[in-house]
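Asks: Quick one: this structure, given as structure tokens, is what I'll be asking you about.
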Amino acid sequence: MLDKSEAIIEAIDAREILDSRGRPTVEAEVRLESGAVGLAQVPSGASTGSFEAHELRDGDKARYGGNGVLKAVRNAKEKIAPELIGKDALDQTTVDYAMIARDGSDNKSNLGANAILAVSLAAAKAAAAELALPLYRYLGGPLANVLPVPLMNVINGGAHAANNVDFQEFMIVPVGASSFKEALRWGAEVFTALSKVLDSKGLLTGVGDEGGFAPNLGSNEEALEILVDSIKAAGYEPGTQVALALDIAASEFYADGQYTYDGTAHSPAEFIDYLTAMVEKYPIVSIEDGLHEDDWDSWTILTARIGHRVQLVGDDLFVTNKVRLQQGIEKKAGNAVLIKLNQIGTLTETLETIDLATRNGYQSVISHRSGETEDTTIADLAVATRAGQIKTGSLCRSERVAKYNRLLRIEDELGDRAVYAPKVGLGPQF
């Protein structure tokens, strides 16, 4: 039997590092008395929901334009560390709720969600190291064997790119693959074909924050047409083999009760009609943030209209928060929740939200942020929770590919036990 004293937290360190956009973020290191160590880095978003946990920045314009995180680093070292040293890293719930209590706010604004999450994840990794288990197995147990279907963001728009495309993400989804390895290959081949299609049209092939191409296009629908052409050019069947998904990020272009896209303002009813028409015209299996984060009535209408035929994901709507998700469940708003660790700020609360979703028939989509690091926790989390879906960007930029490569390693480790999510009814099943 494990000697619990060997999992006692002995020291916590933290530092300011850079994310994939060159902005500071927090890295934390948790060391146990046994010598086991966990290291974690936290991401940062560009398009953020109003109800997210607070990311603490320094505000000192003389350093990183005010985006430094030295305050959060200090909080981890001077306020969180004394609270956790001596506690059992194997008791994740106690570790996380001790930090929540020490912070004392509703949104982690005192210590900073970036400080709290970094320590939360580092503690979990230290505990996994103590037991000599991979993180996915430590978190998920023996049933952690489902590899997620990737929703690959190959055309970037909105807040993720400096172009004229309103919608934030246009994704390909290899639903017909037989394994994660095959799904990744299909995605990479479509991505290469997309590059050639864009080049043939004289469009730029520079990439946005998440590694997708960021061309200036005539309309949002043109992006969908180009993706369908690219899937065919790669030798795959649109819909049955490689489907499409969208992150509308509608809160970004909503004001005064209207949605403004393609240069024209539309009422919520008109926008719902537009989304319905797109689902009928294109092989779309998932739409994220199709409406504003507080437009609950429209969300209910949209879900009743097309929720039986397409996955409707709440990101800004739910912000990985079980209270917001419970509201959505009661209002029948959406049928899936995007899971971003830094929206809520601890591993425990993230797992609680996933559990609530599962118990109420909502799908969970594990997600990165636009400002990422080399940390691959979300890959392990997707497998641990049997979520069946992951969003971690395009097929380029090493901070994105790191997560895909981690999933390849997990699939290899699992061997014959590995199952690709669509094969067991997980992922967007439409």
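Placed from the backbone N, Cα and C atoms, the Cβ positions cover glycine too.
On a predicted model such as this, the values are computed, not experimentally measured, just so you know.
Sharing the feature lines straight out of Swiss-Prot:
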type: ACT_SITE; residues: GLU210; note: active site, proton donor
type: ACT_SITE; residues: LYS340; note: active site, proton acceptor
type: BINDING; residues: GLN168, LYS340, ARG369, SER370, LYS391; note: (2R)-2-phosphoglycerate binding site
type: BINDING; residues: ASP247, GLU288, ASP315; note: Mg(2+) binding site
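Could you place these features in context, so I can see how deep they sit and what lies close by?
Replies: According to DSSP, GLU210 (active site, proton donor) sits in a coil region rather than a helix or strand.
Within the same chain, residues at least 6 positions away in sequence whose Cβ sits under 8 Å from that of LYS340 (active site, proton acceptor) are GLY45, ASP315, VAL319, THR320, SER367, HIS368, ARG369.
In the three-state DSSP assignment, the secondary structure recorded for SER370 ((2R)-2-phosphoglycerate binding site) is coil.
According to DSSP, GLU288 (Mg(2+) binding site) is assigned to a strand segment.
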Asks: Listed (2R)-2-phosphoglycerate-binding residues GLN168, LYS340, ARG369, SER370, LYS391 - what's their greatest C-alpha to C-alpha distance in Å?
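Replies: Comparing all Cα pairs, the maximum is 17 Å.
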Asks: Within the chain of GLU288 (Mg(2+) binding site), which residues six or more apart in sequence place their C-beta under 8 angstroms from its C-beta?
Replies: GLU169, ALA245, LEU246, ASP247, ILE248, ALA249, VAL313, GLY314, ASP315, LEU338, VAL365
Asks: Can you tell me how many other Cβ atoms are located within 10 Å of the Cβ belonging to GLN168 ((2R)-2-phosphoglycerate binding site)?
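Replies: Excluding its own Cβ, the number within 10 Å is 28.
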Asks: About how far apart, in whole Å, are the alpha carbons (Cα) of GLU210 (active site, proton donor) and GLN168 ((2R)-2-phosphoglycerate binding site)?
Replies: 10
Asks: Using Cβ-Cβ distances, find the residues under 8 Å from LYS391 ((2R)-2-phosphoglycerate binding site) that belong to the same chain and are at least 6 apart in sequence, listing them in sequence order.
Replies: PRO150, LEU151, ASN153, MET171, LEU338, VAL365, ILE366, SER367, HIS368
